[in-house]
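Feature annotations, reproduced from TrEMBL:
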- ARG352: active site (ACT_SITE)
- LYS165, GLU249, HIS284: ATP binding site (BINDING)
- ASP580, LYS749, HIS779, HIS781: Mn(2+) binding site (BINDING)
- ARG652, THR916: substrate binding site (BINDING)
- 571-840: domain 'Pyruvate carboxyltransferase' (DOMAIN)
- 1103-1172: domain 'Lipoyl-binding' (DOMAIN)
- LYS749: N6-carboxylysine (MOD_RES)
- LYS1138: N6-biotinyllysine (MOD_RES)
Amino acid sequence: MRRCSHSCLSLKPGAPLPGTEGAADWRRTMLQVGMMRLSLGALAVRRAHCLSRAAHTSTRKVEYKPIKKVMVANRGEIAIRVFRACTELGIRTVAVYSEQDTGQMHRQKADEAYLIGKGLPPVAAYLHIPDIIKVAKENDVDAIHPGYGFLSERSDFAQACMGDKVEARAIAIRAGVPVVPGTNAPIACLSEAQEFSKTYGFPIIFKAAYGGGGRGMRVVREYEELEENYQRAYSEALAAFGNGSLFVEKFIEKPRHIEVQILGDKYGNVIHLYERDCSIQRRHQKVVEIAPAAHLDPHLRDRLTADSVKLARQVGYENAGTVEKVGRALLIWRSGWWLSAFRQCRDYFITRILMFAGGKRPIIFYRVDLVHAQLHVCEGRSLTELGLRQDKIRINGCAIQCRVTTEDPSRGFQPDTGRLEVFRSGEGMGIRLDSASAFQGAIISPHYDSLLVKVIASGKDLPTAAAKMSRALAEFRVRGVKTNIPFLQNVLSNDQFLYGTVDTQFIDENQDLFNLKPVQNRAQKLLHYLGHVMVNGPTTPIPVKAKPSSIDPVIPPVPLGDPPIGFGACLLLMDTTFRDAHQSLLATRVRTHDLKNIAPYVAHNFSNLFSVENWGGATFDVAMRFLCECPWRRLQELRALLPNVPFQMLLRGANAVGYTNYPDNAVFKFCEVAQENGMDIFRVFDSLNYLPNMILGMEAAGAAGGVVEAAISYTGDVSDPMRQKYSLQYYLDLANELVKAGTHILAIKDMAGLLKPEASRLLIGALRDRFPDMPIHVHTHDTAGAGVAAMLACAEAGADIVDVAVDSMAGMTSQPSMGAIVACTKGTKLNTGISLEQVFDYSEYWEVTRGLYAPFDCTATMKSGNADVYQNEIPGGQYTNLHFQAHSMGLGHKFKEVKKAYTEANKLLGDLIKVTPSSKIVGDLAQFMVQNSLTRAEWSSCKATSASLMAASPEPFRSKVLKSLPRVEGRPGASLPPMDFKALEKQLRETHGDDITPEDVISAAMYPKVFQEFKEFGTTFGPVDCLNTRLFLDGPKIAEEFEVELERGKILHIKALALGDLNKAGQREVFFELNGQLRSVLVKDTVAMKEMHFHPKALKDVRGQVGAPMPGKVVEVRVKEGQQVEKGQPLCVLSAMKMETVVNSPLSGTISKIYVTTDASLEGDDLILEITE
């Protein structure tokens, strides 16, 4: 049975408390007052009295007793609604609240507010009748309004006030209105339900006799389901209402649910205020209501309203209420009460009368405030005195009410809880809001109803009202919890809804309603990020303690109009500033934000460039891993800003842009998507010059429609006759195979800067002689300082293209200077066609921009290049990273030893071609040797990380490393099964939603874990790529004002206000001003939380305690507690600055306790685990 709610209970002086002597009299007293939302069953309890009174109403005198003070024994919007009406009538108001509701709005809207249920659970407080009566008596309350829920759902209270639904059926029958076939009394056992089903057939429905709201209701469609549903309905009703009694009715399929509003007084006068359609329901609970019901036959409307008045008069009904009806001709249903029609019959069934607080639902026919009317009727006034006559009530337009709740429709309307970080409502003409505690900072508790606000829109007709409602809902901004607003917006745009042809199965039959548009919440997420950085520091690892420059770069002026197209020069240059230069100098940390700023200038002033290298290689994973931005979006945005210069990327052959082997179709798919997003030239290489891997990459790039540039990785010295492993003939033979394979351009990739001018002339001259028509491209690094001379020598020997970086991003481990090459070739046969003045402006931008990346600048630890690179052969990009890693591991003062060890490690591994990832293996081994004071001779055992690498290593080292591990013969990727991209996309959509793009699928294929973390970061912190670099790395200063452009025409004005103190949860509240409004976010203080829970340190004098050898993050724990381990066995893997270190067991024994988990951040000497011998 639906709740007895919105009742106004008169309180007599000296009324005893329930449970004391006279409690029965107290309950009878409550029965004698006017009920503001009384069910038909309640009237059945006193039907004899009501029928007698109805017969003598005309002669009965009712004493007028004005109400001076009303207490609402409830919370939320219904309490506020009643308080407002009372205030308008000059009636003083009293609120009650639980300990958990001290911050709720209803207690602030009342004239007085008192705590009840101290020490009780949240819901029990509002059910504690002794406290409620005590507050009322002590504060001279004239009447108590229980609202809906809480007390109205107490089984003893409900039985005393309401009776039961079976009695309600009897009254309806005597009143001459139709009722749905059902049992005449609650059923006593399952067999009675079985008998009913035999008589009326299926489907049938079980309903709780003493409660409603969809609980204790089960639809049964076949005999086999009968027993199970009976048991479920009984137990649910018992738990919800304290009485498991059920009755059975014939279930009507797809009905329409209509309610007629009625209003009666103590003198027998009853009027109706027409009807509303409540058919849009989920779990038998209303979601959207429409008044009046659309497309309702006028004759049927007259019958519905007339029967509703007739029924109310039959029982001597007082106050405001609704008569619920359901029927097929109406297309109606409602939990527990029916009005139906069969085939073409225009019949229906009355379900029940429900009293309710006026204005709760969309009534706009006549300007009647139903709460006012309720209070006046309770005082003893007649409808005539109030000016309420049936002939004055007219339908005027249409109204829609939506319940905005903190529920997640995508999870079956699961309630959400938390703090309302932002609340902005939709308003305007034709919109009314009935809210509870919907305000910024409010706590949405799991203990109470999920209703946030009721929105009522009115207009001349249903489409107009729907348009107003849609507009109002679109204006809402609710952040911190999920809401059903996206679902409501889908309902309002549904054609079936707009045509007014809905029934109770509308939601179930329209699953497209659950295709929810994601809420962006960009501004609040960015505030969370900024607050996080202000509290905890940068999210990306910082290698040195340096702050980004406070000076913003000035973008040189760009002329209007389209940039020039095409190039024409004797010597072509490729600009590496957009990728390899900052990879070498700034640890690949340059953000898309700064690349976009200068891209238009490059487009207008450097159209003579052969290409701009701006993608691939390490930039792909670093963009997601450390910069928290999408590499594909970088490519798309740069393509739009730089449309006239070809783009070039670095492709690691069969390894694409990863560090592992992929199925062949994954490499082909990657190249296809890259070309579609604007990539032109694919520089394909392999770290070991392994031809099968290179050819696979070339085929993939060619199949995608890209220009194929096969790059030979250069090491050694072709001008030194003593070094024969990588001789001139080696490179000529390799080049011959690549030309045969169909490369469009032949490249030399000198990643360590080992090409001396003489070697350049020998190698390029020989290649030009062998392949006179093949374009030749040379890439180098300037670590030794001879890069400009080497590139000029290559150009003179026949190279068509050489790599450079703009001056302020050139030199050291980067590429040779663009300005130097341009100046040296000016006026010669090698003229580049580039203006030196434009190079200066270009360089000035990057000089200031480079200051923003001071924490990553190689000059923090390196002050110059070094010619010792000719001995150690460390690649330019790795040289910088190796220097940072050495400092982070405490080996900065031993970097000279690290470089020497690099040479020894290279020899130990067989004199490798050193480029990612082979160079990383050499570097890791070198640092391990220095850290553990190992010589080449002492090093004899390590784990293989690459079978193809070991194939290039000398014996007996190769066998010692691989031991019994399986050997991979041939190209590794050839043996891998094809990747199922459809299955991967489906998995990603299930995890991250439907906004997954083809580019996202490729990112997940290349870097599954990195992509997962990137998406999670974006979900938490939003589009951080919109922030300038200083804000991204260091956050704002207190009182700093700045702007963030989310997209064209949408700019956030932000001011950082204050940083709060640490709370008990280890959080700090960070305050901002956003677009002139105060905002705040709660941020966990990771340092403070760590101090609150100290991680133990490993004691060096305790044998068996294993500590972290360096600060880092736990990548993997390879053992379990209780496991037996041997000395030297790997225990866990740590990662720091892209370098992974395996922690091995110092002794044999049993793992007694593990103190770390995967992804845990550790400081040096943090205890990892304990081993018992």
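A Cβ is built for glycine as well, from the same backbone N, Cα and C atoms used for every other residue.
Please treat TrEMBL annotations as automatic predictions, because they have not gone through curation.
Separation of the C-alpha atoms of LYS749 (Mn(2+) binding site) and ARG652 (substrate binding site): 12 Å, rounded to the nearest whole number.
The domain 'Lipoyl-binding' (1103-1172): residue composition by secondary structure is 0 helix, 39 strand, 31 coil, according to DSSP. Within the group of binding-site residues (GLU249, ASP580), the Cβ with the highest number of other Cβ atoms inside 10 Å belongs to ASP580. On the backbone, the CA of HIS284 (ATP binding site) and the CA of ARG652 (substrate binding site) stand 59 Å apart. Here the C-alpha separation of HIS781 (Mn(2+) binding site) and THR916 (substrate binding site) works out to 15 Å. HIS284 (ATP binding site) counts 17 other C-beta atoms within 10 Å of its own C-beta, drawing on all protein chains shown. Non-local neighbourhood of THR916 (substrate binding site): GLY617, ALA618, ARG652, TYR659, SER687, PRO875, GLY877, GLN878, each in the same chain, at least six residues away, with C-beta under 8 Å from its C-beta. Compute the center of the Cβ atoms of ASP580, LYS749, HIS779, HIS781, which mark the site for Mn(2+); besides them, the chain residues with Cβ within 8 Å of that center are THR576, ASP750, MET751, THR780, ASP803, GLN815, GLY876. When the alpha carbons of GLU249 (ATP binding site) and HIS779 (Mn(2+) binding site) are compared, the span between them is 84 angstrom.
Taking each of the binding-site residues ARG652, LYS749, HIS779, HIS781 in turn and counting other Cβ atoms within 10 Å of its Cβ gives the largest count for HIS781. In the predicted model, the domain 'Pyruvate carboxyltransferase' (571-840) has a mean pLDDT of 95.
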